[in-house]
Amino acid sequence: MRKLYCVLLLSAFEFTYMINFGRGQNYWEHPYQKSDVYHPINEHREHPKEYQYPLHQEHTYQQEDSGEDENTLQHAYPIDHEGAEPAPQEQNLFSSIEIVERSNYMGNPWTEYMAKYDIEEVHGSGIRVDLGEDAEVAGTQYRLPSGKCPVFGKGIIIENSNTTFLTPVATGNQYLKDGGFAFPPTEPLMSPMTLDEMRHFYKDNKYVKNLDELTLCSRHAGNMIPDNDKNSNYKYPAVYDDKDKKCHILYIAAQENNGPRYCNKDESKRNSMFCFRPAKDISFQNYTYLSKNVVDNWEKVCPRKNLQNAKFGLWVDGNCEDIPHVNEFSAIDLFECNKLVFELSASDQPKQYEQHLTDYEKIKEGFKNKNASMIKSAFLPTGAFKADRYKSHGKGYNWGNYNTETQKCEIFNVKPTCLINNSSYIATTALSHPIEVEHNFPCSLYKNEIMKEIERESKRIKLNDNDDEGNKKIIAPRIFISDDKDSLKCPCDPEIVSNSTCNFFVCKCVERRAEVTSNNEVVVKEEYKDEYADIPEHKPTYDKMKIIIASSAAVAVLATILMVYLYKRKGNAEKYDKMDEPQHYGKSNSRNDEMLDPEASFWGEEKRASHTTPVLMEKPYY
């Protein structure tokens, strides 16, 4: 057995060595045979044929002091590694022993920072009207809110009424228009519930007790059972009042109902269906609209505050550029701009409804008799039953740039990929709070990314290059803006960016390989398309090294696991005869092993055979 272990271990190490270094191959004789692909800063394929290297080779450009002007620098020629005539100077800001090349990888240093502003991805549902999922209640399918991010400042306006939407729905002898949208009183009282009351209520539930107030409110609302249907995946939405620290469960999931066919704005007709619409009103600025799917790490992955001194833009080969096509509206302040963005944002509102929704008497009787089956076709939500079920999946005009000087709100529907530092602008989204602002623009982002990429490429060069001349080679990333002009490795003197609170410099003498089209799409320029056609997703080739290292580690881990398994198997075989009593078989070691998976049932995941009844706690229901 020990011999088998040794053989397996040696085989694993041999395989790892072959992956990294090959078998019998001398890489030092061909240091550039499989090196990464880099083109010089200003190479335009204008060289003579003998100087046109294929994409998957690396060229070296020798820097030397030169009196040539910038136009001369536009036509640098490569040298080979056997002492061919050196190329003209590509840049003039560094020492003569420094060889600077420009990467051809068009990466975006903002990718991680801007992830929370990819609303289609992080929210995944409507914003103005959120009806992104379907759920069954008492045998019938209905729609319900499903956005993964909180919507700050969102509320419901009931037309021609002094009743707020957080008023409990009308019951008993109340007129229909005397009620609002909130859950009716229950025993014990489930809505509204203060933050302290919720903390106390869930103090023994380890899955809930430590959640933040918004996520806790969302989970609390999702704990209510609709129509006594314990098998239903339907979860009520909620609104959290940050000022009063209260969680209001919404009995009505509908967010918009307009038109004479479906509602009546006449205040005198107290028992007619009221008209309502979603809005970001000044009276709602402390409210946050929550669906059942609000993620517990929303503070990291969802936008909340607006960005001062910032303007959403598109990353275009080394710099953040303006979004060319926007819809411009007048707005006296940030609140008005945020409100406009919300009104134009993604919406799941149905476009057609059923005729039977005009049967006000049926709805009225449903409220009086607390008969959910009479009103659910209207309020779970309006137009959901046998109507079109349009789902936006978060696509819409969800972003805006507010110009504080011109008082213009620029709204667009393309996902921004970077931020422009501009003291005249505030960047906002439909999810964001209508007035809250953060001032911390990440000024050092560019410099940090440049240094990180240069260091990463330096390590790669040390592994693959055999430079005996002592020259220091630098692979500069395609980032042409920074608050440290020396970090740009620019062949000319960088220019100062105007209206920048970060004192940015931009390098403009390096030709850009991408551009923005009139429909807000970033594309590779025509003359460079052939070069990038062979590079999947434009990923840098140093990722291949990561894959090799990961593969090597995986082989070693698998070998270790196999050895442990064989050892345990041998031990178990020796103990097999001792396990002859039936009570030792199939018996769980702890109560936890006998419980159903709580998260799948309690948090409303896809219904499965063993996940139809919650096991963490008794769900209160009305």
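Note that Cβ sites are derived from N, Cα and C of the backbone, with glycine treated the same way.
Listed features, source Swiss-Prot:
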- 578-594: compositional bias 'Basic and acidic residues' (COMPBIAS)
- C149-C302: disulfide bond (DISULFID)
- C217-C247: disulfide bond (DISULFID)
- C263-C275: disulfide bond (DISULFID)
- C320-C418: disulfide bond (DISULFID)
- C337-C409: disulfide bond (DISULFID)
- C443-C502: disulfide bond (DISULFID)
- C490-C507: disulfide bond (DISULFID)
- C492-C509: disulfide bond (DISULFID)
- N162: N-linked glycosylation site (CARBOHYD)
- N286: N-linked glycosylation site (CARBOHYD)
- N371: N-linked glycosylation site (CARBOHYD)
- N421: N-linked glycosylation site (CARBOHYD)
- N422: N-linked glycosylation site (CARBOHYD)
- N499: N-linked glycosylation site (CARBOHYD)
- 578-607: region 'Disordered' (REGION)
- 1-24: signal peptide (SIGNAL)
- 25-546: topological domain 'Extracellular' (TOPO_DOM)
- 568-622: topological domain 'Cytoplasmic' (TOPO_DOM)
- 547-567: transmembrane segment (TRANSMEM)
Disulfide-bonded residues listed as C247, C263, C492, least Cβ neighbours within 10 Å: C492
From N162, C263, C275, C302, C320: recorded positions whose CA lies within 10 A of C502 (disulfide bond): none
Sparsest Cβ surroundings (other CB atoms within 10 Å) among the glycosylation sites N162, N286, N421, N422, N499: N162
Averaged pLDDT, computed only over the residues in the topological domain 'Extracellular' (25-546): 80
Close recorded positions near N421 (N-linked glycosylation site), where close means Cα within 10 Å, chosen from N162, C320, N499: C320, N499
For C247 (disulfide bond): DSSP state (helix, strand, coil): strand
C443 (disulfide bond) to C302 (disulfide bond) - Cα separation in whole Å: 21
Fewest Cβ neighbours within 10 Å, where candidates are the disulfide-bonded residues C337, C507: C507
10 Å Cα neighbourhood of N422 (N-linked glycosylation site): matching disulfide-bonded residues from C149, C275, C302, C490: none
Within 10 angstroms of N286 (N-linked glycosylation site), Cα basis - recorded positions out of C149, N162, C263, N499: none
When distances run from the Cα of C263 (disulfide bond) to each of the disulfide-bonded residues C217, C320, C418, the nearest one: C217
Distance from C418 (disulfide bond) back to C492 (disulfide bond), taken between C-alpha atoms, in Å: 25
Intrachain C-beta neighbours of C418 (disulfide bond), sequence separation six or more, cut-off 8 angstroms: N108, W110, M114, F312, G313, L314, W315, C320
Distance, C149 (disulfide bond) to C217 (disulfide bond) (CA atoms, angstrom): 13
